[in-house]
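According to TrEMBL, the features are:
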REGION    1-21  region 'Disordered'
COMPBIAS  1-12  compositional bias 'Basic residues'
TRANSMEM  93-112  transmembrane segment
DOMAIN    96-292  domain 'TLC'
TRANSMEM  132-154  transmembrane segment
TRANSMEM  161-180  transmembrane segment
TRANSMEM  186-207  transmembrane segment
TRANSMEM  227-248  transmembrane segment
TRANSMEM  268-288  transmembrane segment
């Protein structure tokens, strides 16, 4: 029902919204009396509705280091071409340099005669010497703290800053236990073997910015040997450390927790927290491994189908 509203009509007429003796409906009055905040949000919502639809494709972490087909998620030959990015390149250089003492000091704390002896019946804990543990611990903590601050201040230096920040915080918490319980210092050394694979992961990108596949023919000899060697070592360390060593560590932690439970009759010990933290890293490793090899398997199947169709 339309009703005359003289006072409101005069105000609206003065603002240029109505002319002459036009009548206003109740709906018109209610719309004109909307709060400024509501009017702003109303316009903002209208603009967002006119925007193009978002593509809801899930981003895989494997895409940060591999070329992935956006349609069928299969891996493509070669590596992502690295454009000039000062923030990322400087961060990569820092990691390539800083991880060297981490890896070297870690190796200096182990008895490699025991580790490399296939007939040895000693446990992995017994291969830990720990002569350089204090220096090793200081260097590792310094590296993770520095890298954590770097990523927080310059998040664009990595493609997944949120994952890196969470990973580093969990790692620093994990490092407290070998320091508080020296008998478990081997745990720190065993887990940080993964930094060998991390170094190779970064080296693949830094030393092959053009994104060549390692097995392409016609590359300069030294360059070809370098990227082949890095690629082979990368996959070897990925499988042996992420897929084999980390589950072995989990098995040892469960056994140590069980021994502690039998002695104290308490379900809680520091091994309980170690198991929880280590399970996070195991899940991440298996997820990244699944993303990597599932994409490779998909690429192999599609390539095989393409060959069959071509043959027909």
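For all residues, glycine too, the Cβ spot is worked out from N, Cα and C.
Taking Cβ pairs closer than 8 Å, the transmembrane segment (161-180) reaches residues 61, 137, 140-141, 144-145, 147-148, 151-152, 155, 186-188, 191, 270, 273-274, 277-278, 280-281, 284 in its own chain, all 6 or more past its ends. Between the transmembrane segment (268-288) and the stretches 93-112, 186-207, 227-248, Cβ pairs under 8 Å are most numerous for 227-248.
Sequence-distant neighbours of the transmembrane segment (93-112) (same chain, 6+ residues past either end, Cβ-Cβ under 8 Å): 127-133, 135-136, 139-140, 143, 146-147, 150, 189, 192-193, 195-196, 198-199, 202-203, 206. The list of residues near the transmembrane segment (186-207) in space but at least 6 beyond its ends in sequence, with Cβ under 8 angstroms from a Cβ of it, reads 65, 79-80, 82, 89, 92-93, 95-96, 99-100, 102-103, 106, 109-110, 124-125, 127-128, 130, 136-137, 140, 174-175, 177-178, 226-227, 230-231, 233-234, 237-238, 241-242, 245-246, 249, 253, 274, 278, 281. For the transmembrane segment (227-248), the list of distant contacts is 124, 190-191, 193-194, 196-197, 200-201, 203-204, 207-208, 212, 214-215, 219, 278, 281-282, 285-286, 288-289, 292: same-chain residues at least six beyond its ends, Cβ to Cβ under 8 Å.
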